[in-house]
């Protein structure tokens, strides 16, 4: 118990595998669940005062936490999840579930968010990664974000300052953490929006191994190629290290089939990169983030 942070939900030495989509990850020294921006500011101020590292995990979807865990504070935004509409502008806190947010837009017959209807994760993580699928991406609808700087200051960042690129945003370099974001949507037809979301979800279910824990798409799309196709051509479908294997359903995914570890994921990623480069001459670049310490 940290007396200066009394009243905030903080768990000591908490295994992160219980919170990640991959079902791997060692313990966080302190895992915190702030309920509002005030509690978040208190946590960050305390960590900075004590020279303790801190980071935000979001919904921990496109992420691998190493088996040794993470030192200092890990902050999760599960309780910072409010979504509000003001006309055609949707504002969501960073912890809002991305899929549920697209459903809110649909309910109000607002179009623009359909592409994200099956992407796991949080609003904050989606902005950080410029998440996208089926021709759409966050940058197409993004207006602005309120962020927390590493020093604990809260400021607003515009779409221009985000400098979005493919699976990239400026805050990947600055260390700023999204705490809320605004998106510009357009009036649409409920049935049309619903049909498009059903179509995209059907495609996702057909092509992706949703029945297993995974970190989502492992590699960025190399120019002129598809990562999954290159992996398949290198005869790596079903290749397994420890409890993690390249999905038979979609070679761009790695799934946890038998109590795999973060080391299994890292070893398999390295093996796939090397094998594909030897086979095709293309060096794959991971899209998934890998953080934390090894055992």
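Counting starts with 1 at the first residue shown.
Keep in mind that glycine also has a Cβ here, set from the backbone N, Cα and C atoms.
Averaged across the domain 'FAD-binding PCMH-type' (23-188), pLDDT in this predicted model comes to 94. Positions annotated as domain 'FAD-binding PCMH-type' by Swiss-Prot: 23-188.
Swiss-Prot lists 167 (among others) with the feature active site, giving sequence analysis as the kind of evidence. Sequence-distant contacts of residue 167 (active site), defined as residues of its own chain at least six apart whose C-beta falls under 8 angstroms from its C-beta, comprise 129, 130, 131, 132, 220, 287.
Within 10 Å of the C-beta of residue 217 (active site, proton donor) there are 22 other C-beta atoms, taking all protein chains into account. The active site, proton donor annotation in Swiss-Prot covers 217.
Among the features that Swiss-Prot reports, active site is placed at 287 (among others). Just so you know, the Cβ of residue 287 (active site) picks up 18 other Cβ atoms within 10 Å once every protein chain is counted. Taken residue by residue with DSSP, residue 287 (active site) is part of neither helix nor strand, so it is coil.
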